[in-house]
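Here it is: the structure, laid out below.
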């Protein structure tokens, strides 16, 4: 016998669950660092539960083959299927730049200060060097895959910029700017994303903002395709030379 379920109810429950967890974190933890960690964990858990298995979400630093590091990123969505290595050092996760699909700053509220902070974090990742090797196949090799555009965003519980035009004014930015935000969500009010078809930022107020945001993120990840084939030797050159016998 078919279950008496409704898709609308399932999607509503997903949004309500995330908003409830974020609200609980905000009310339960007074220490700002603990509160921040709790909110990050809510978003990381959401992504790891609902994104396809090829993706993994974690708090991390990002590194490139030229020994440059990003700032610490609250949520990094990266490729775990084709990534040849992920570093774990002193309880920190360090991910090669080639493996990154998206990076997010997590805050309690959506406002200009936090938008600027998110831009700075996103730019620190996009500025890193990424390699891309030719891809072997049965008939020869494919040309190196074009580098994907790393998605950058901001995730919050509340929106302090309730007037859409005000929020739009703070979000609008040159696409060439490495700190431009492609997407974001204020769980209690809205989500936003850059609409490539119309070449403009869209702010969408929504009762199920978290679920709507997740669907838009999935769409953007699909358009990214697969990360490039990483040049292992570019990283290996940083190995300390062996002492000659």
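Placement of Cβ uses the backbone N, Cα and C atoms for every residue, glycine included.
The following feature annotations were taken from Swiss-Prot:
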- 54: site 'Binds cAAA' (SITE)
- 74, 105: Mg(2+) binding site (BINDING)
- 74: active site (ACT_SITE)
- 82: site 'Binds cAAA' (SITE)
- 105: active site (ACT_SITE)
- 107: active site (ACT_SITE)
- 137: site 'Gate loop latch' (SITE)
- 142: site 'Gate loop latch' (SITE)
- 226: site 'Binds cAAA' (SITE)
Fill in the CA-CA distance, residue 82 (site 'Binds cAAA') to residue 54 (site 'Binds cAAA'), as an integer in Å.
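That separation, Cα to Cα, works out to 8 Å.
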Return only the integer: C-alpha distance in Å from residue 107 (active site) to residue 74 (Mg(2+) binding site).
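Their Cα atoms are separated by 9 Å.
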Just to verify: the residue among 54, 107, 137, 142 with the fewest other Cβ atoms within 10 Å, which of the recorded positions is it?
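Each of the recorded positions 54, 107, 137, 142 was scored by Cβ atoms within 10 Å; lowest is 137.
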So for residue 74 (Mg(2+) binding site), how many other CB atoms are inside 10 Å of its CB?
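Residue 74 (Mg(2+) binding site): 23 neighbouring Cβ atoms within 10 Å.
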Reported as an integer number of Å, what is the Cα distance between residue 54 (site 'Binds cAAA') and residue 226 (site 'Binds cAAA')?
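Each residue's Cα considered, residue 54 (site 'Binds cAAA') and residue 226 (site 'Binds cAAA') end up 10 Å apart.
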Reported as an integer number of Å, what is the Cα distance between residue 142 (site 'Gate loop latch') and residue 105 (Mg(2+) binding site)?
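That separation, Cα to Cα, works out to 35 Å.
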Could you check the recorded positions 105, 226 and say which one's CB has the fewest neighbouring CB atoms inside 10 Å?
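With the recorded positions 105, 226, fewest surrounding Cβ atoms within 10 Å: 226.
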Using a 10 Å cut-off, grab the number of neighbouring Cβ atoms around the Cβ of residue 82 (site 'Binds cAAA'), all chains included.
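Other Cβ atoms within 10 Å of residue 82 (site 'Binds cAAA'): 13.
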How many whole Å apart are the CA atoms of residue 137 (site 'Gate loop latch') and residue 74 (Mg(2+) binding site)?
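Rounded to a whole number, the Cα-Cα distance is 37 Å.
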What whole-number Å value do you get for the CA-CA distance of residue 226 (site 'Binds cAAA') and residue 74 (Mg(2+) binding site)?
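If we compare the Cα positions of residue 226 (site 'Binds cAAA') and residue 74 (Mg(2+) binding site), the gap is 22 Å.
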Helix, strand or coil: which one is residue 105 (Mg(2+) binding site) in, per DSSP?
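The residue in question, residue 105 (Mg(2+) binding site), is strand (DSSP, three-state).
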